[in-house]
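These notes concern the structure reproduced below.
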């Protein structure tokens with residue numbers, strides 16, 4: 001069931017969850033950051049991000065998780081790519097992007113080069129980078145996307161390029177943050193958070209450049225799988241859900 005809950009109503013919603021002995025809930029905007037204040041425990045990744053999208057209720061003890069990051073990193077791993085010791089160029093500094101960065105840092109990325117526009121997220125991105133640098137072995141830098149020379153240099157030495165922004169999603173389906181396809185090299189893994197459209201302009205560019213790609217369905221699938229297991233304690237019906245989603249089609 002879905003409930004529309006604003007910030008003012010959120011504390012009451014949490015009390016209702018406990019009173020009804022609900023096993024848990026998903027959390028969407030605008031409550032992802034606020035929700036951190038109403039759980040008893042946060043995962044290491046959720047602490048780094050400062051936002052959660054999943055709450056699990058164990059007899060009134062609430063744990064907060066962020067499955068966006070685990071979902072995306074799981075999609076990368078399922079493709080056969082080992083992220084340990086690798087460098088990721090990460091586009092954007094919103095919720096999805098920072099969740100991916102946090103989980104990647106925890107699971108062994110050597111370096112994350114954040115690129116985002118100097119907008120309302122920029123200062124938050126700097127703070128996020130500082131938290132990751134202080135709490136993991138991963139080195140995170142944050143650079144204005146307007147610095148195209150720095151962007152080009154980062155891509156030249158990167159192993160992974162991940163788009164954590166809405167660029168590529170309808171109505172921006174004809175746009176990409178990569179202005180020059182020559183910046184993409186065959187050794188680069190290019191991954192998306194956007195799943196509508198299935199094949200974004202960035203993924204089209206990447207395939208033309210000979211890169212391996214992972215579309216946004218991977219993150220959608222695996223973050224949902226993580227939530228399912230957290231709430232039920234059971235294995236996710238992977239093949240059935242893949243069929244329903246048209247995954248891999």
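Keep in mind that glycine also has a Cβ here, set from the backbone N, Cα and C atoms.
Here the structure is a predicted model, which means the values were calculated and not measured.
What Swiss-Prot records for the NAD(+) site is 93, 94, 95, 96, 116, 117, 118, 119, 193, 194, 195, 196, 216, and among 47, 166, 242 the residue it adds there is 166. In the three-state DSSP scheme, residue 116 (NAD(+) binding site) falls into the strand class. Taking only the Cα positions, the spacing between residue 118 (NAD(+) binding site) and residue 32 (substrate binding site) is 22 angstrom.
In the set 93, 116, 166, 194, 196, none of the binding-site residues has a C-alpha within 10 Å of the C-alpha of residue 32 (substrate binding site). Shown are the binding-site residues 68, 166; the one with the most C-beta atoms within 10 angstroms of its own C-beta is 68. Around the Cβ of residue 116 (NAD(+) binding site), a 10 Å sphere holds 22 further Cβ atoms from the protein chains shown.
Across the residues the record lists as binding NAD(+) (93, 94, 95, 96, 116, 117, 118, 119, 166, 193, 194, 195, 196, 216), the two Cα atoms farthest apart are 26 Å from each other.
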